[in-house]
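Visitor: Let me begin by handing over the structure; questions about it come next.
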Amino acid sequence: MMSIGVVIPAAGQGSRMNSQTNKQYLGLADRPVLAHTIALFSDNPQIKEIIVVVRQEEIKYCREKVINKYFNNKKIRIIAGGETRRESVFAGLRVFSPAINYVIIHDGARPILPVSVVERVILTVKENDAVSVGVKPKNTIKRVDGKGYVLETLDRGELVSIQTPQAFSRELIMKAHQEVASDLKVTDDAALVEFLGYQVKIISGSEENIKITTPEDMFIAESILENRRR
């Protein structure tokens, strides 16, 4: 029987937003970005625990302005993250109850993921121990050297722009975080699993599943939400 836990890393600084407020707490439509992200998972009956990982100094703010204000849900917990995304995710993984056997990891700054993608991730991880969503690149991709000169043009048919959510069996993702050297530079959790030699299944994500990184991203997200309401 599937018992799923979700880790939402939301401890990033968001320095490109040109705002004194961390991007996870900026208003998007009727609520903070992070509240939209949590809502993607909070009502799913297969998801038993949600761990929101924030900066230590933001725990009280997150609890009062996000969790208590928008959710009446005992399965949501807030914990302090680490210096890096990897440390924050691992902190979340360590506090799940023993009953959790599958884990979904989703960036706190991806608030408008279509819920249908979450459902497909859950269905796929039942048959595969490691799953990530991604989209095919639309532009031509070239590899360049340190001076900006083209080394080669890559085949777009073999490339995928990776997003979250990513899902894993709990045993596998814990093994990956524990056994892969801490100084290995990775930008997602699937890379840790790949490093151990395991296969990661890629399924289609969504072009709407943007990561809020710049002020322009907020305008795009607002527009997408407005179109959904029509």
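Glycine is treated like the rest: Cβ placed from N, Cα and C.
So TrEMBL has the following annotated:
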SITE      Arg16  site 'Transition state stabilizer'
SITE      Lys23  site 'Transition state stabilizer'
SITE      Arg156  site 'Positions MEP for the nucleophilic attack'
SITE      Lys211  site 'Positions MEP for the nucleophilic attack'
Visitor: Run through the Cβ atoms and count how many others sit within 10 Å of the one on Lys211 (site 'Positions MEP for the nucleophilic attack').
Guide: 15
Visitor: If you count Cβ atoms within 10 Å of each one, which of the recorded sites Lys23, Arg156 comes out on top?
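Guide: By the 10 Å Cβ neighbour count, Lys23 comes out on top.
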Visitor: Write down the Cα-Cα distance for Lys211 (site 'Positions MEP for the nucleophilic attack') and Arg156 (site 'Positions MEP for the nucleophilic attack'), rounded and given in Å.
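Guide: Cα-Cα distance, Arg156 (site 'Positions MEP for the nucleophilic attack') to Lys211 (site 'Positions MEP for the nucleophilic attack'): 22 Å.
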Visitor: At the Cα level, what's the spacing in Å between Lys211 (site 'Positions MEP for the nucleophilic attack') and Lys23 (site 'Transition state stabilizer'), rounded?
Guide: 10
